[in-house]
Amino acid sequence: MQPAVIAIHGGAGTITRAAMDAAREREYIEALQHVLQAGQRILAEGGSALDAVTEAVRLLEECPLFNAGKGAVLTHAGTYELDAAVMDGATLAAGAVACVTRLRNPVLAARAVLDHSEHVLFAGAGAEAFAQSQGLELVGPDYYFTQARHDQWQRALGNAGMALLDHDGAALVAQGKTQASDPIDPDSKFGTVGAVACDGRGNLAAATSTGGVTNKQVGRVGDTPVIGAGCYADDVAAVSATGTGEMFIRTVAAHDVAAQMRYAGLSLEESARRVVMEKLPAINGRGGLIAVDRAGNVTLPFNTEGMYRGFARVGEAVNVSIYG
Ligand code: ASP
């Protein structure tokens, strides 16, 4: 038996202690612990890495604290457009949906694409029709609404229409730094969610889901549903990313973690470090990723102030952290 493990993230960005009160911090920590315990249980019962990451991301989508499913950020037009992907490292099977507006759980639609379609990536209305044909739940736009994301969007609109990362926006609001006259750092906030796992058979899987970046242009697709950019799994590593999506696409970030291990013989930790601390910053890419390999090693690097993150090995206590 392999040492089964699951890791999750709830986005990276300007997450500082100063911008967080104790009650809010508790909420995040408890949410992450709850999701990790659910994933840990699936692995402990002999479930697959693919099932564990799908369920972990579904639970993160259900939680309004994170920018995926309920609690997603708004586009420039005040609408919601969600992206998700899932990949099975054992078979290289993958499924993804982009720009969906009516799916309660985009990750379940991505999983249905993986399981039941000859295609890999569906977008927009076609993705929703496919999900509906698979019996998945459709919701109205009100389902995704949270006052916090709405306020962030309003502030972003008042700041020269910049797009911003979810947790950066939250930090600026908390610091009172988002008056209309203040520039918002467009690179400072990401709230995507993701999970990676290695199961008892040594199989790997990854899943990622997001509402994207606050105030994004309608039709913009980030790295999350792009296989190899924001989500990737093979028999070497499973990776889920969060951050400035355009840079993760340009560096093919998630795939690069596995590729450097396969072709250059790097360890999981060193490979992920080079991507997050060297290759992404070289083009102003901000964010982080979570990764596991088939020996059960875990790494959770980020180049922002914080990243909601944690991991849980079967039979061991759950580990959760927020700050650097
Ligand atoms: N990577 C996501 C995107 O660009 C945003 C995030 O991680 O919060 O859509």
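Each Cβ is built from the backbone N, Cα and C atoms, and glycine gets one as well.
Taken from TrEMBL as is:
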{"type": "ACT_SITE", "residues": "T192", "note": "active site, nucleophile"}
{"type": "BINDING", "residues": "R220, V221, G222, D223, T242, G243, T244, G245", "note": "substrate binding site"}
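Checked against ligand 1, the binding-site residues R220, V221, D223 give D223 as the ones with a Cβ under 6 Å from it, listed in sequence order. The number of other CB atoms found within 10 A of the CB of R220 (substrate binding site), across every protein chain shown, is 17. Neighbour list (T192 (active site, nucleophile), Cβ cut-off 8 Å, at least 6 residues apart, same chain): H9, G11, F66, N67, A68, D166, T208, S209, T210, T224, G230, A241, T242, G243.
Sparsest Cβ environment among the binding-site residues G222, G243, G245 (other Cβ atoms counted within 10 Å): G222. Taking the Cβ of T244 (substrate binding site) as centre and 10 Å as the limit, one finds 28 other Cβ atoms among all the protein chains shown. With a cut-off of 8 Å between CB atoms and residues at least 6 apart in sequence, the same chain places D83, A98, C99, A123, G212 near V221 (substrate binding site), listed in sequence order. For D223 (substrate binding site), other Cβ atoms within 10 Å of its Cβ number 32. Site extent for substrate: among the recorded binding residues R220, V221, G222, D223, T242, G243, T244, G245, the largest C-alpha separation is 16 Å. Taking the Cβ of T242 (substrate binding site) as centre and 10 Å as the limit, one finds 36 other Cβ atoms among all the protein chains shown. Secondary structure at G222 (substrate binding site), as computed by DSSP, is coil.
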